[in-house]
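Database features, via TrEMBL:
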- B:10-69: domain 'NLE' (DOMAIN)
- B:103-144: repeat 'WD' (REPEAT)
- B:145-177: repeat 'WD' (REPEAT)
- B:188-225: repeat 'WD' (REPEAT)
- B:235-275: repeat 'WD' (REPEAT)
- B:361-402: repeat 'WD' (REPEAT)
- B:403-444: repeat 'WD' (REPEAT)
- B:445-478: repeat 'WD' (REPEAT)
Amino acid sequence: MPQNEHIELHRKRHGQRLDHHERKRKKESREVHERSHKAKKLIGLKAKLYHKQRHAEKIQMKKTLKMHEQRKTKQKNDDKTPEGAVPAYLLDREGQSRAKVLSNMIKQKRKEKAGKWEVPLPKVRAQGETEVLKVIKTGKRQKKAWKRMVTKVCFVGDGFTRKPPKYERFIRPMGLRFKKAHVTHPELKATFCLPILGVKKNPSSPLYTSLGVITKGTVVEVNVSELGLVTQGGKVIWGKYAQVTNNPENDGCINATVPGYPEFTRNVLTTTKNTKIQHAVGFQSQDHQEDR
Amino acid sequence: MTSEDVERLLIQFQDEEGEVLGSPFDVPLDITPDKLQLVCNALLQKEEPVPLAFFVRGEAEVVSSLGSCVKALGVETEQVLPVVYQPQAVFRVRAVARCTSTLQGHTEAVISTAFSPTGKYLASGSGDTTVRFWDLMTETPHHTARGHTHWVLSIAWSPDGKKLASGCKNSQICLWDPVTGAQMGKTLTGHTKWITWLCWEPLHLNPECRYLASSSKDGSIRVWDTVLGRCEKILTGHTQSVTCVKWGGDGLLYTSSQDRTVKVWRAKDGVQCRTLQGHAHWVNTLALSTDYVLRTGAFEPATATINPQDLTGSLEELKNQALQRYNKVRGSAPERLVSGSDDFTLFLWNPAEDKKPLARMTGHSALVNEVLFSPDTRLLASASFDKSIKIWDGRTGKYLMSLRGHVASVYQVAWSADSRLLVSGSSDSTLKVWDIKTGKLNMDLPGHADEVYAVDWSPDGQRVASGGKDKCLRIWRR
């Protein structure tokens, strides 16, 4: 293979053979015959490879031809009106078939009996202590290792004041403290930036819950008074539970979802520790309400 | 003979707006509503006695005798007691009891059904892309109007009953002549997604019935000139699908949308006046207090005859009649608007004046699908997917009663022309007629084989039409 452009250079300088175009034309027309000769006469492995390649080429050719055909003919617009006509007020709603509704009802009854509830992320990877807490060495000879620093995002309340630094066992760095979460409502398909009220449960460990560590799968309570939700009795809902769906320490923000209507009142989280499935203790939670 | 002195009480008759009638009267405590009616009619000095309902201090209705009401309220008998009188409709609509016919013909589910303003024609739109006109005298099919290419989602009669507009899922609007069943003018195209609601301009604003407003999933509202067959104005502003559009009697357009707002527009120039915010989820439906009178135009249900007739008279006469009727129903207060939403609540607004709602009506435990003012604007009915219908006071938004009986989501409701009866169609395939005075079920109308999608009561009060998923249109009569 030529490593440089000397062939082209020669062509530019001296032009081409006088019968170049004639020869080219004839060669191209012979190509068809040569191809068919090859297809008939090849045997063995070469034949297999060749035929496979040719088959693929032919399929592509047929497809493009068909596409061109479609362009030429006038479309008869054959789409029949789809079945399942519904009035305008039902159009944006997913209708459930009756069988599905009944089976859902039975499933829910069974779950109620067993005490299991639905959460957006039911199984979450448990975070070990070495991952979440980093050992901080203190002391004159840097030998004491009783302090720990939290390496994940955490939430501390409004009136948080640190313990005296000498006695502080868990350090929560200010850079990793967050106050707001981006909460997505699945039905409205809208995301709101709402202030966090508190960490309700961290599935990995109750220690993290008390520290306020937020990792993926943590249930946090957010302030939804901005959204203007009201209960049946006319009371305004100002707090809702949402589950964190991303790894906040990697992204720098907390994304959470509210698991749709009706309100999420009870849940049980499960964490997977290798192959053992651990059930975190269920808890009762009620949305905070205030009288109008 | 027992000579018991019955206690007497001073009462002062007041009408709903607070104007006093005559001077305080001295009446015995055991006076019944009939006698009160005689007295009041005498004071009103009308030619024919008008049936009246009486409310002590505007709150509690006098049912058996004035005494029991006063005792229940615990009112002092020393002072003059204001008694509000409300004229009820002179005519009385009888409850429908039987299915007189099942009109088959549609090959797919019947999605929308509507009586013409005089009750002469019945039209139904269906998933088989046709709009069918039915002859009510013989209860047989009259015309089949073909022209749409997808499901006919909404239909609307012009207030003079001469035209029917229908919108389909392919965002086209067609106009039909009910007499011949033929298409009038050309198909109006312009929206990019399906049509959710159609609303004509009221008769008293324009007796020619020329302009039509349509709302669509693409978030815009278009005002069409049906004579010229083109789009006059495009109102944009909503960020998501517009679910309902209503043309008010004062020249304002009200629209509700899935972006949780209700917007008020000026119909003349298409300028947005106000945005009413407050809902927490999609706003599904709107209802105006003057809805019924705008729908019927110049036709007065009290003058209905057995054979519904077309409206006669010149355009001027019709316009004056419609304007008179509108002013009577509206009274001195501006129109009120109610919006029902997926957040299970309703808001009562005074959209012409205020951005803040008058009242928030909570109580439903599932989304509210339809709200409807009664024809006399005193009551409000809300149908919800929680299988109940709630009745609220039309003026203040106070909760009055719940009508329970359906076993699945209630899709649509329709009031009778005298505001005494309510019919509701639900997903459990039955219709139920409710008596509002007692709050109880009057009639249960089973018969449909599948969900009931659309219900309408004819303005002359004689018939109820219902259509549903079983592709049949049923007519119910007394």
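Any Cβ shown, glycine's included, is placed from N, Cα and C.
Counting Cβ pairs under 8 Å to the repeat 'WD' (B:445-478), the top-ranked stretch among B:103-144, B:145-177, B:188-225 is B:103-144. Within the chain carrying the repeat 'WD' (B:403-444), a Cβ under 8 angstroms from the stretch's Cβ atoms is held by residues 88-89, 91-93, 95-97, 292, 301, 304, 366, 369-370, 372-376, 378-379, 381, 383-391, 450-457, 459-461, 464, 466, 468, 470, 476, all 6 or more beyond its ends. Within the chain, the repeat 'WD' (B:188-225) has long-range Cβ neighbours (under 8 A, six or more residues past its boundaries) at 150, 153-160, 162-163, 165-175, 231-236, 238-249, 251, 253, 255, 257, 259, 265, 267, 270, 294, 297-298, 315-316, 318-319, 322-323, 326. Confidence for the domain 'NLE' (B:10-69), expressed as mean pLDDT, is 78. For the repeat 'WD' (B:403-444), DSSP puts the residue distribution at 0 helix, 24 strand, 18 coil. Helix, strand and coil content of the repeat 'WD' (B:103-144), in residues and according to DSSP, is 0 helix, 24 strand, 18 coil.
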